[in-house]
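Structure first, commentary second.
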């Protein structure tokens with residue numbers, strides 16, 4: 001199961017670089033505040049468009065190397081290309097134009113960000129579907145928990161590299177550059193491990209005669225209630241979590257360490273960098289808690305049920321996103337934000353496990369894409385409603401702590417996700433799992 005999930009570790013390595021470094025890089029490249037959310041739109045929009053297309057063609061693939069491997073290869077190479085473009089965006093901008101170097105750097109950075117997100121979606125969907133394809137039904141909760149643990153490991157590695165400022169001790173690198181080089185190298189290695197060791201064989205099942213867009217439309221329009229309800233809870237959960245991941249490093253740099261990346265004062269810039277590094281350490285702690293919780297989640301699900309565990313994780317997030325507004329100590333904030341790892345583990349494993357247990361193998365990719373696409377909609381909703389809407393309003397009235405409200409607003413969507421969990425359908429089958437203990441025992445109401 002670990003080898004099967006390594007591609008998801010690579011995916012999360014790249015995604016962690018996105019969340020931890022993209023906003024600070026945009027600040028350093030002097031992107032206007034109203035442009036930053038527009039650049040971030042590239043992530044959920046490409047998710048929404050690319051994932052269903054990749055799911056359709058990978059489900060229909062009869063390639064000798066398997067249905068998913070070709071897409072893992074393309075996704076891995078594309079992700080590495082995006083890393084390289086971001087790494088060299090400033091030098092490329094200066095090479096194109098001496099007078100408008102900053103503008104060209106911004107354009108190249110934006111293009112690289114889009115390329116990276118397209119490649120990540122080519123990688124993620126098949127990597128998730130591969131877990132559903134080759135793991136037995138009765139081990140899906142365990143398998144998806146391991147997959148999310150691998151996600152957490154990837155994020156921990158990237159954020160610890162940034163948090164300890166390792167790049168500044170390496171000749172010819174700064175910390176930002178070193179994070180991206182580590183990310184690019186490990187993505188390649190992780191994807192290669194899955195390609196080599198995953199026991200995927202050539203698909204020999206039925207092939208649909210329906211066209212691409214017809215099949216995508218019907219996947220969403222006629223998805224089983226089990227899929228749609230899991231997808232809605234997943235989308236709302238991502239809506240609640242997204243602003244935290246996008247803004248927490250900037251939040252620590254500006255609000256906690258009182259820095260400014262665009263200030264002419266060197267102390268302000270240094271304070272901002274220290275805050276960003278501390279924020280990356282906080283994200284690493286969040287994923288570390290996610291990883292540790294992953295080892296006990298299957299046991300808790302067997303005792304309490306999947307819905308109860310999912311709802312409880314969302315309510316923990318709601319409480320954390322309310323309480324942090326009354327705390328100024330950086331270490332207390334660090335510990336509080338780390339608890340969001342419980343939510344991350346639950347909403348990134350339980351919905352996918354439910355779908356994998358219930359849908360036939362030939363439909364695995366498209367229904368996983370339905371769930372993933374709802375997560376993309378959740379991210380885009382957070383970006384538009386909170387990132388563009390609420391933040392623009394707060395800054396127009398010179399609100400004292402806009403970044404606090406930006407992150408805290410996610411608690412509303414996490415609350416909705418937790419409440420709607422009561423409608424989530426969990427397969428009532430009680431197969432023999434690890435230690436002959438049923439992993440899921442809930443039935444549809």
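Every residue, even glycine, has its Cβ placed from backbone N, Cα and C.
Note that the coordinates shown come from a computational prediction; the quantities given were computed from them, not determined experimentally.
The following features are taken from TrEMBL:
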DOMAIN    1-202  domain 'Major facilitator superfamily (MFS) profile'
TRANSMEM  38-58  transmembrane segment
TRANSMEM  70-89  transmembrane segment
TRANSMEM  101-120  transmembrane segment
TRANSMEM  141-166  transmembrane segment
TRANSMEM  178-198  transmembrane segment
TRANSMEM  276-296  transmembrane segment
TRANSMEM  308-327  transmembrane segment
TRANSMEM  333-359  transmembrane segment
TRANSMEM  403-426  transmembrane segment
* **Contact set, same chain, for the transmembrane segment (101-120): CB under 8 Å, 6 or more residues outside the stretch** => 11, 14-15, 18, 22, 25-26, 29-31, 39, 42-43, 46-47, 50, 74-79, 81-83, 85-86, 89-90, 92-94
* For the transmembrane segment (178-198), which stretch among 38-58, 70-89, 276-296, 333-359 has the most Cβ pairs under 8 A? -> 70-89
* If we call contact 3 or more Cβ pairs under 8 Å (sequence gap 6 or more), are the transmembrane segment (333-359) and the transmembrane segment (141-166) touching? -> yes
* Asked: Which value does the mean pLDDT take for the domain 'Major facilitator superfamily (MFS) profile' (1-202) in this predicted structure?
  -> 80
* Of the listed stretches 70-89, 141-166, 403-426, which one has the most C-beta pairs under 8 A with the transmembrane segment (276-296)? -> 141-166
* Structure fact -> Per the Cβ filter (under 8 Å) with a sequence gap of at least 6 from its ends, the transmembrane segment (141-166) is approached by 1-2, 4-6, 8-13, 15-17, 20-21, 128, 131, 135, 175-176, 178-179, 182-183, 186, 190, 276-278, 280-281, 283-284, 287-288, 290-291, 294-295, 297-298, 301, 306, 341, 344-345, 348-350, 352-353, 356, 433-434, 439-440
